[in-house]
Amino acid sequence: MVFLWYGLLLSTHLLSFVQSLECDQDRQYKWPKEKSIKCCDKCKPGQYMTDRCNEGSTTMCKQCPDESYIDFYNNELRCKSCTQCPEKHMVYKENCTKKGDAKCGCESGYELDGMECKKILTTLATPSTTTKTTQQQITSPTRDSVWISLSLCCACMCILLTCFILISRHTSACGWIMPTSTDCFWARKNSSTVSSQCTEEEEVPMPVQEACGKTHWQEEV
């Protein structure tokens, strides 16, 4: 009866221990998987498990062989194979170690697209920008030249219009004066001519009928 009582207490204690067993999931694992009674350590990065732990032993681990790795705490039975970079124009950016995988990259002038290196295509963004800037620089002086030309044309038109108005006014004024002045000039010229002719004729002896003083002669007669 006493043994039965102790057996019941022990089973209850074990049951409560199993139910309350909690392990660090990142670095430990439960043993056995069903009705676990123990937390066993996982193998460190760069190692893999060779034997599981049991009641009287711990987990047995071994270092990963060459060209293989494991980069986390584990209870794996083997390591992972390293990534290869066999494609054309592909290079190793990081080499494979027992604790980390290799990383592939591309040679200068190429970019990685999946597991293939493709040549980088040059864009025309910069030349386009340069062309646009040049066009703007060319357009601005052209517009300035147009405005300067228009201003000069307007100034010339104003000068010509002013000259035309002044000439028109001067011509109108001379239109009233010149005819009279011209007549007077010609009248004076003719008079002086007649006088000079008369003077010359007076010096030359002529018949009485042809003398310049014909009127006076007739009156004297």
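Using the three backbone atoms N, Cα and C, a Cβ is placed for every residue, glycine included.
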Where TrEMBL annotates a disulfide for Cys79, which of Cys64, Cys82, Cys85 is the other cysteine? Cys64
Please list residues from the chain of Cys79 (disulfide bond) whose Cβ is under 8 angstroms from its Cβ, counting only those at least six apart in sequence. Tyr48, Cys64, Pro65, Ser68, Tyr69, Ile70, Lys98
Take the domain 'TNFR-Cys' (63-104) and count its residues per DSSP category (helix H/G/I, strand E/B, coil), listing them in that order. 0 helix, 15 strand, 27 coil
Inside 10 Å of the Cβ of Cys64 (disulfide bond), count up the other Cβ atoms and send me the figure. 22
